[in-house]
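Worksheet: one structure, shown below.
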């Protein structure tokens, strides 16, 4: 065997990528004229040391879990879904319609209804590029990017001209009815004496995201459909040999991917904003790509990477609040992580692999 | 002079390791000038590594190279060329939209202007063509040349660079028998002119036919070097594998029953609107092996793909008397398997297996819908793994580890996984494409036995192979395909390679045959 063990590949390579990204980011912070050590302390303090910080970190993480899983599922079918952002926007529209126009008796029913609507809208938004790819050969990367813009324009139109309450100056829907409001972590975990997660937006849909991780794992590695998706992703010619229909798998995998991206709206739209606003997705659809890359397209990896990016997001907000470091620095770190885990993967892997091999030689 | 008696090539103690794999172990070899020296061995025996060291692609860990008695360092292929070594690769390295002449001078141009080089090359090529029967039209584009002619261009390239040692890596793999014969005549002429030739092959027949001496490699070691005249194919096979091998599978006469597979007027038009199958009709009976001979690319692949449910077609195909769907919803591989058709595809790496899947996942491949592999809405992975372990034992797959990725098995063991999966379904019809391509001799014997056993169990087998030896060894009837059509049917007991070779070249009557002979000559 001329390879390093699987655990090293799955753990050490991403870890080193983050460390490299962190070192470069530290240099950027130095260049701005701030102390990287203080900045790091501030990030950890703001995102992880208090329950409210965790409440934000996990809120962001919930979004990233959904979009990360979305990218992963498509990726296993060898499809690069860059349309998570647009699919999440449409998911928000689905959630908004269900929450506004169906009189839900209780949040537990509302979350089911809104999850289904968000998934359906996201899936249908992914269906069009999927169909074009499967039947017409239009490249999915191009079409899903274009569909992000179409989704943004569509949402703009709907919010300005259709769903905006009369008299409101803001392009957003009315606030959803009280019965659809989801319990936040504060509602769930605070006791009479101690209030936890004060003011933080993390809510019950975090657990929906955890369930999604399990379901995606079962789907990909324990179900027939997942088997077909992975087989198709590795080799289309072999899939055709086995009687796996490329058109069918392309469309189904993209619809599952779109559904997962859409379900982000349960957290962001129903859980946090409690109304549909413009740009409620905040780029989470794109971060899903980084999360999936870093998480090696595996639900456990996606979960961990999503929490890491949640931390970066919340920590970045703290930085912007207390220092001169702009919030965009987080985008730089994110870009560096993508660069190292995606584009420069071998730069990290090859030296590590060599190290492992030489260690093993010594043992032998 | 001492030069004339020194070996053209002498390797002393060459060793090369890739990580923990010892590809070449302390190899020494002497090749005298003006001889053809064969190097034979199974896949992975280290033949290609050794030649890559000689041609400067790899650096040996230890050992020395002597060319005409002079110790020579070969750090790159440029050094090999200036030492007079030319290499003809298995996969040609030609620019398709350049002319023959342009390809020959590519990398060996004199001066900045092309004209001088071209006219010089034109003269040299003319001379070489006369000397060695190496005729090719210098102004023709490569893409318009047949495979055999392309190979001649590769040889010309080497000779133009004044190579006097030629290495040919599996040169006949893509040639018709007639083209192979012509190649051997060329090699004969080159030998007569004093050139030294190293011929790498896994075909015993070629070794016996043309070489003066032969070296056998096994697992990175040179196990023997013998004079060809003093050895036999059986002895060489034994040296290659390390045990006695049956070169021709022993089989009883066929006992054909009803027509199980009937194909009528099958037509396939590909994406570029080229007709690949032009009205093919044939049938296969229960208990017989129908062999389809032909040069690769004459429609055999498409025939298998249609029957295996991979591409649509027009025409009629009946299985056990019932027509099957060729274009609609029931024309995929899944429906074919349901009708009792199993398929060992030509390309196991891109069709038969998912290389990144574990062996157990591959054993369910194509049959992952079967009830025995399900438990509720999920797949019963434990059942598949148990099934895989059992199959691996019955088919002697090594290593018998169901969790190993397909990529990490040798070619022969990969093919055994595919064959085990398909044959153990006990299909009515088995489609087999190139069952032993890239498979070592020991595994070939095993796979051939399995195919014959299936026939003896009363099943129909449709065999496609570009190896005529394999067609002769297995088939009960032989049909020859050329240019998407069936050229004729022959009885393996009464036909011979020459007759099939003409059919494979599309020649059905003798007047055409003479014309072709003239062209080739």
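For all residues, glycine too, the Cβ spot is worked out from N, Cα and C.
The transmembrane segment feature in TrEMBL is assigned to A:12-33 (among others).
If you look up TrEMBL, you'll see A:53-75 (among others) marked as transmembrane segment.
Marked as transmembrane segment by TrEMBL: A:87-104 (among others).
Sequence annotations record features per position, and here TrEMBL assigns transmembrane segment to A:110-128 (among others).
Per TrEMBL, the feature transmembrane segment maps to A:140-160 (among others).
Sequence annotations record features per position, and here TrEMBL assigns transmembrane segment to A:195-220 (among others).
Taken from TrEMBL, the feature transmembrane segment covers A:249-270 (among others). For the transmembrane segment (A:249-270), the list of distant contacts is 59, 62-63, 66-67, 69-71, 73-74, 76-77, 79, 81, 83-85, 87-88, 90-92, 94-96, 99, 110-111, 114-115, 118-127, 129-131, 133-134, 140, 176, 180, 182, 203, 205-206, 208-209, 212, 216, 219, 225, 228-229, 232, 239, 276-277, 280-282, 284-285, 288: same-chain residues at least six beyond its ends, Cβ to Cβ under 8 Å.
Taking Cβ pairs closer than 8 Å, the transmembrane segment (A:302-323) reaches residues 14, 18, 34, 38-39, 42-48, 53, 56-62, 64-65, 68-69, 72, 210, 213, 287, 290-292, 294-295, 329-330, 333-334 in its own chain, all 6 or more past its ends. Summarising the annotation, TrEMBL assigns transmembrane segment to A:302-323 (among others).
Non-local neighbours of the transmembrane segment (A:329-348) in the same chain are 13-14, 16-18, 20-22, 24-25, 28-29, 287, 289-290, 293-294, 309, 312-313, 315-316, 319; each lies 6+ residues outside the stretch with a CB under 8 Å from one of its CB atoms. Annotated transmembrane segment per TrEMBL: A:329-348 (among others), in sequence order.
Between the transmembrane segment (A:140-160) and the transmembrane segment (A:87-104), three or more CB pairs separated by 6 or more residues in sequence fall under 8 Å, so the two stretches touch.
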